[in-house]
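Please read the structure below before turning to the comments.
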Amino acid sequence: MALHVPKAPGFAQMLKEGAKHFSGLEEAVYRNIQACKELAQTTRTAYGPNGMNKMVINHLEKLFVTNDAATILRELEVQHPAAKMIVMASHMQEQEVGDGTNFVLVFAGALLELAEELLRIGLSVSEVIEGYEIACRKAHEILPNLVCCSAKNLRDIDEVSSLLRTSIMSKQYGNEVFLAKLIAQACVSIFPDSGHFNVDNIRVCKILGSGISSSSVLHGMVFKKETEGDVTSVKDAKIAVYSCPFDGMITETKGTVLIKTAEELMNFSKGEENLMDAQVKAIADTGANVVVTGGKVADMALHYANKYNIMLVRLNSKWDLRRLCKTVGATALPRLTPPVLEEMGHCDSVYLSEVGDTQVVVFKHEKEDGAISTIVLRGSTDNLMDDIERAVDDGVNTFKVLTRDKRLVPGGGATEIELAKQITSYGETCPGLEQYAIKKFAEAFEAIPRALAENSGVKANEVISKLYAVHQEGNKNVGLDIEAEVPAVKDMLEAGILDTYLGKYWAIKLATNAAVTVLRVDQIIMAKPAGGPKPPSGKKDWDDDQND
């Protein structure tokens with residue numbers, strides 16, 4: 001009989017062999033804080049217009065060169081459970097606002113770093129948490145008073161482009177004026193009267209070659225495809241969309257046919273040809289002059305399409321088919337039947353064009369109220385275009401936020417310093433031990449202008465003391481001047497560097513929640529990982545169409 005080895009007494013004897021558990025301040029809380037600090041330190045250097053790029057190679061060996069925190073975190077696949085909570089908070093920020101993910105990380109990291117100092121002094125975790133929650137509520141009370149202006153007219157391209165400039169600046173510093181104008185044109189052209197703006201209605205088509213300044217906006221959709229038949233341009237297009245292959249419906253029968261004469265050979269496939277001819281003619285008779293199909297196109301069907309002057313476009317992606325249906329107002333038909341008038345889509349012109357050396361099919365809507373707008377991006381490398389696409393995404397999301405709430409607060413660290421100043425003076429009035437946590441919460445706001453200053457290569461302490469001095473005089477809108485070679489400050493409202501109110505509101509809320517959640521953990525219990533080989537960690541979604 002095998003010798004029985006007794007387990008160590010205590011918590012471990014209840015768990016299966018191989019399980020790990022950590023408890024108490026030293027093992028659990030400080031370790032978690034350390035992991036979150038490391039994560040915040042990674043993305044902190046990418047904060048702001050002068051932030052550095054990160055080169056990330058993911059598990060599929062795809063290369064990303066970007067300073068967009070959301071992309072960096074998504075591709076890093078963070079394993080540490082506490083750091084994962086902060087990553088989740090930044091994902092929530094991306095879903096809620098679409099921008100400000102790095103703010104959440106930097107701020108949450110600063111909160112936890114300062115919480116560690118308080119815990120080492122001897123405060124209890126519950127006192128730190130209570131202080132942080134009081135300070136967060138206070139920050140949300142102060143924030144509406146810091147609003148410096150509101151968007152007046154979201155249908156004015158010049159005004160919208162000036163408001164989008166700040167969010168694009170942090171991703172594409174130097175190209176922000178041109179890109180903001182492009183995005184403003186695209187957003188304003190499809191902004192419905194109801195005021196419900198859908199970010200999916202702005203499409204991006206990336207075409208290699210030329211430079212960023214050759215990018216343009218089109219009302220309608222652009223596909224990197226070629227037409228199948230001879231017809232390459234149609235004006236006043238009536239469009240029939242099919243989700244099935246453009247082919248005859250013939251049952252596959254196995255059998256041997258004995259053909260004795262040439263006439264029999266001629267007649268053998270005539271019935272099939274006549275049927276195909278009748279089908280294509282029926283479609284042409286409805287007035288449809290463009291057919292878009294989601295499957296393969298048979299040679300015979302192509303021949304008859306050319307005969308009846310029908311333009312044929314093949315889209316492999318079901319997502320593209322859906323978006324096209326939405327753009328032109330068509331219904332995708334599952335069988336090759338002639339469409340009725342309601343099922344056909346309309347647009348002003350469909351034509352084959354060449355951008356650089358890439359063939360594209362353009363479905364153009366001249367009307368200003370087209371359902372979908374496409375930004376055609378040009379760039380010298382794929383990585384550059386991917387990064388510009390992320391900047392466009394941020395710009396479009398900022399426009400969406402402005403349609404929900406038009407209020408704006410000053411950027412460049414001005415809002416953060418004002419919040420820090422007011423929350424510190426509020427902390428002085430609190431009698432309990434929470435006042436230390438409230439003051440540290442205020443100090444955490446300094447991490448934002450500090451990161452901006454460090455990334456711009458100026459002395460952070462000097463900048464922050466200058467900002468405090470100016471804010472003490474009552475200039476709420478003064479922030480860091482990142483373009484100056486020396487530590488300098490300027491009025492953000494005059495410079496046009498503005499952040500959305502909602503973006504700041506949610507970022508403070510989510511960062512505080514994440515930090516408090518991490519602090520609340522006092523035990524980590526990890527079961528032994530299941531044995532056996534790990535499944536291949538390839539792409540989660542086998543249907544790759546949505547990325548086309």
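Just so you know, glycine gets a Cβ as well, placed from its N, Cα and C.
The N-acetylalanine annotation in Swiss-Prot covers Ala2 and is backed by experimental evidence. If you look up Swiss-Prot, you'll see Ser23, Ser162, Ser213, Ser269, Ser317, Ser537 marked as phosphoserine. Here Swiss-Prot flags Tyr30, Tyr505 as phosphotyrosine. Here Swiss-Prot flags Tyr47, Gly48, Gly100, Thr101, Asn102, Phe103, Met169, Ser170, Lys171, Gly412, Asp499 as ADP binding site. Look at Swiss-Prot and you will find Asp99 tagged as Mg(2+) binding site. According to Swiss-Prot, the feature ATP binding site maps to Gly100, Thr101, Asn102, Ser170, Lys171, Gly412, Asp499, Lys504, an assignment based on experimental evidence. Under the heading SUMO2 cross-link, Swiss-Prot lists Lys224, Lys254, Lys260, Lys534, Lys539. Annotation comment: Swiss-Prot describes Lys318, Lys400, Lys466 as N6-acetyllysine. Among the features that Swiss-Prot reports, SUMO1 cross-link is placed at Lys459, with the record citing a large-scale study or a structure entry. The annotation region 'Disordered' is assigned in Swiss-Prot to 529-548.
Location within the structure of each feature annotated in Swiss-Prot.
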residue : record           : contacts (Cβ under 8 Å, 6+ apart)
Tyr30   : phosphotyrosine  : Glu116, Leu119
Gly100  : ADP binding site : Gln93, Asp499, Gly503, Lys504, Trp506, Ala507
Thr101  : ATP binding site : Asp68, Ala69, Ala70, Leu73, Ser90, His91, Gln93, Glu94
Asn102  : ADP binding site : Thr43, Arg44, Ala46, Tyr47, Gly51, Ala69, Ser90, Ser170
Ser162  : phosphoserine    : Ala180, Gly496
Met169  : ADP binding site : Pro49, Glu176, Ile497
Lys224  : SUMO2 cross-link : Cys205, Ile207, Thr358, Gln359, Val360
Lys459  : SUMO1 cross-link : Ala453, Pro487
Helix, strand or coil at Ser23 (phosphoserine) [DSSP, three-state]: strand
Coarse DSSP state, helix versus strand versus coil, of Ser162 (phosphoserine): helix
List of residues, in chain order, with Cβ under 8 A from that of Ser23 (phosphoserine) and at least 6 apart: Phe11, Asp522, Gln523, Ile524
Top Cα neighbour of Lys318 (N6-acetyllysine) in the set of recorded positions Asp99, Lys171, Ser213, Lys400, Lys466: Lys400
Spatially closest candidate among Lys260, Ser317, Lys400, Lys466, Tyr505, the listed recorded positions, to Lys171 (ADP binding site) (Cα to Cα): Lys400
Distant-in-sequence Cβ neighbours of Ser213 (phosphoserine), under 8 Å, six or more positions away: Phe178
Spatially closest candidate among Asp99, Ser317, Lys400, Lys466, the listed recorded positions, to Lys260 (SUMO2 cross-link) (Cα to Cα): Ser317
Distant-in-sequence Cβ neighbours of the residue listed as 'Mg(2+) binding site', under 8 Å, six or more positions away: Ser167, Asp394, Asn397, Thr398, Val401, Thr500, Gly503
Distance from Ser269 (phosphoserine) back to Gly412 (ATP binding site), taken between C-alpha atoms, in Å: 74
Residues satisfying Cβ distance under 8 Å from Lys400 (N6-acetyllysine), sequence separation of at least 6: Gly98, Phe197, Val199
